[in-house]
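Enquirer: Here it is: the structure, laid out below.
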Amino acid sequence: MFPERFTFSIADWINGWVETLVNNYGDTFRAISDNLLWVVIQLESLLRMTPWWLMLAIVGLLSWHATRRWLPTAVMVGLTLLVGAAGLWDKLMLTLALVLVATLLAVMIGIPLGILAARSNRVRAVMMPLMDVMQTMPSFVYLIPVLMLFGLGKVPAILATVIYATPPLIRLTDLGIRQVDAESDGVRHRVRRQPAGKNSSAYSCRWRCQALWPASIRPR
């Protein structure tokens, strides 16, 4: 048996820290939870009011837009129809609402942080080890601190999903910006130097130049 005089416990310290955090910022956590819950409830109501045939049409259009193939589109529509036939359509809409809210939050957080990491090597050096740790842990691990701060319900599920989904988005944004080749960046600057006349082609060039501005971001 290990000697007791060499053992220590951090349980009291963690419990005290969580209690202090909840006591001092409980109203802030409650406001965040209430706002997220309101968004989820509104989206759930919208999805549940949507006719099933319209939802199937949306799934089909999105599948066709992503694949441009009939077979994957038919499979996606058929699987969605199978969920409804199994009596799980309402639960599907509730889950879809949670996923949509979590995805929106992950995009709002991940893309700006990815751009920041691409612009600064120092920021990237700090963020990448954190991303490694976050992607190594399973998703249910994030539920523990979130449950302590927000309690049970839909909001902890959303926040745990956001924490788990944000690191890949940060990595892909950073990688996409850094892998823009120098030739494309040079074309952007050459187009930008062209004088803008009143004809439509010059306006089109300027519009394309503005649309490509993130490609000029380079690490410093």
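Any Cβ shown, glycine's included, is placed from N, Cα and C.
In case it's useful when we look at the structure, here is the feature table from TrEMBL:
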- 92-220: domain 'ABC transmembrane type-1' (DOMAIN)
- 71-89: transmembrane segment (TRANSMEM)
- 95-118: transmembrane segment (TRANSMEM)
- 139-165: transmembrane segment (TRANSMEM)
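Can you walk me through where each of these features ends up in the structure?
Expert: Sequence-remote contacts of a segment are chain residues at least 6 beyond its ends whose Cβ falls under 8 Å from one of its Cβ atoms, and for the transmembrane segment (71-89) they are 52, 55-56, 59-60, 63-64.
Tertiary proximity for the transmembrane segment (95-118) is limited to same-chain residues at least six positions away from its ends with a CB under 8 Å from its CB atoms, namely 36, 39-40, 43-44, 47, 124, 127-128, 154, 157-158, 161-162, 165-174, 177-178, 214, 217, 219.
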